[in-house]
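J.: Sharing a structure here in structure tokens format.
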Amino acid sequence: MNIDVWIKNITQLVTVQAHGKPKKGKEMQDVGIIQDGWIAVAGDRIVGIGSGEISADFQVGENTVIISGEGKTVTPGLIDPHTHLVHAGSRENELALKLKGVPYLEILKQGGGILSTVNATKKATMEELVAQSKKSLDRMLSYGVTTVEIKSGYGLELEAEIKQLEAIHRLQQQTPMDLVSTFMGAHAIPKEYKENPEEFIDLIIEEMLPAIKEKNLAEFCDVFCEEGVFSVDQTRRILEAARSLGFKNKIHADEIVPLGGAELAAELQTISAEHLMAASETGLKMMAESNVVPVALPGTSFNLATGKYADARKMIEYGLPVALATDYNPGSCPTENIQLIMSIGCLYLKMTPEEVISAVTINAAAAIDRTQEIGSIEVGKKADITIFDAPNLYYIPYHFGVNHVDTVLKSGKIVVEKGNVI
């Protein structure tokens, strides 16, 4: 077989082979390392992997792109399964307020917090929204991310939510990355509905969800299930309505108080449940039985400086397939750097480097229902490959705060070279 790309002499090839399934519990430690490895790519697919000399089955021709992996660590393309990337404006002024001890609710009363992002996003033109978001996507790509999930939720009304989701579709035409759209109109309750939140929930169910489905603008529906936002019963109503229309379910669950979001995720068998810092042991065990992927967002805990992180060790003990994501947003986690999240995962969630690699590849793929296509280096899978200028996988989270990416392939094409987006 003639091949288009040959990555040879790979010092450490981290395949994360999983046969189309997430890695649960102790399985996360097994990342399928091959020393002195090679990868053969034809078209947009991986057609061969091995160690030492390339198999005689593959023909390296004059048009084959040859990449040296000497001194490098090669992993599946990284996946960021939870972001709020499409938004306008920024909130750096809140850092000084936070340092002075001003509570978030007080910032909200002053017109800051999520409401300032909602207002900025509503005012922004489509062109402004796309231009700002494209910069963030390019940063993510430079850090080795080849697939990213993006939520709406800074509109909180039909027209503005549609604008965010349409921006995601425009961005897909401008990036080689795969973008996964999530409708999150239930991100907060608008101030005009504070006295009657049920009216807003009716609006989501009766108007927003059908309109977004008709335009085919989102694959997933997500709800912020939290005290003072959407109750368990309200969340159930929205997610069941979304599922009846064909949306897959996600849930922001038990971030601040143990409300029962993890239990609801298990009951509804959502694809994933995110945050989970306050999730009960019962809820986590139920999630394990229902094959729900927990998505930990340690960058948010780090930035909020609360000292409270999701209990990843307990999740792994219960046999859950832990995923990690940036939660990139302008308020609680303004970073596109998935490598930093990997370091925080090791240092604060006490995950091993192997577990962290599983969490940003195959388990992140499971959190967006993509394990058959991406998340591991296996024959037949999409050739999404990240090459790090690092001698082994341990070096990536160990040497934190810098970008270790040398080269990124997306669907078999080089899209980052020498650390720069092409």
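Backbone N, Cα and C define each Cβ position, glycine as well.
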J.: Of the candidates His169, His252, His404, which one does Swiss-Prot list alongside His82, His84, Asp327 as binding Zn(2+)?
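T.: Answer per Swiss-Prot: His252.
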J.: For the N-formimidoyl-L-glutamate site that Swiss-Prot assigns to Asn329, Gly331, which of the candidates Tyr143, Tyr154 is also assigned?
T.: Tyr154
J.: If I take the alpha carbons of Glu255 (4-imidazolone-5-propanoate binding site) and Gly331 (N-formimidoyl-L-glutamate binding site), what is the distance between them in whole Å?
T.: 15
J.: Among the binding-site residues Arg91, Tyr154, His187, Asn329, Gly331, whose Cα is within 10 A of the Cα of His252 (Zn(2+) binding site)?
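T.: The binding-site residues close to His252 (Zn(2+) binding site) (Cα within 10 Å), listed in sequence order, are His187.
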J.: Do you know offhand how many angstrom separate Asn329 (N-formimidoyl-L-glutamate binding site) and His84 (Zn(2+) binding site) by C-alpha?
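T.: About 5 Å separate the Cα atoms of these two residues.
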J.: Near the Fe(3+) site, what residues other than His82, His84, His252, Asp327 in the same chain have a C-beta no further than 8 Å from the centroid of the listed C-beta atoms?
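T.: The surrounding set, listed in chain order, is Thr83, Lys151, Glu274, His275, Leu297, Thr300, Ala325, Tyr328, Asn329, Cys333.
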J.: I'd like the Cβ neighbour count for His84 (Zn(2+) binding site), meaning other Cβ atoms within 10 Å of its Cβ, all protein chains included.
T.: 25
J.: Taking the Cα of Gly331 (N-formimidoyl-L-glutamate binding site) as the centre, which of the binding-site residues listed as His82, Tyr154, His187 lie within 10 Å of it?
T.: none
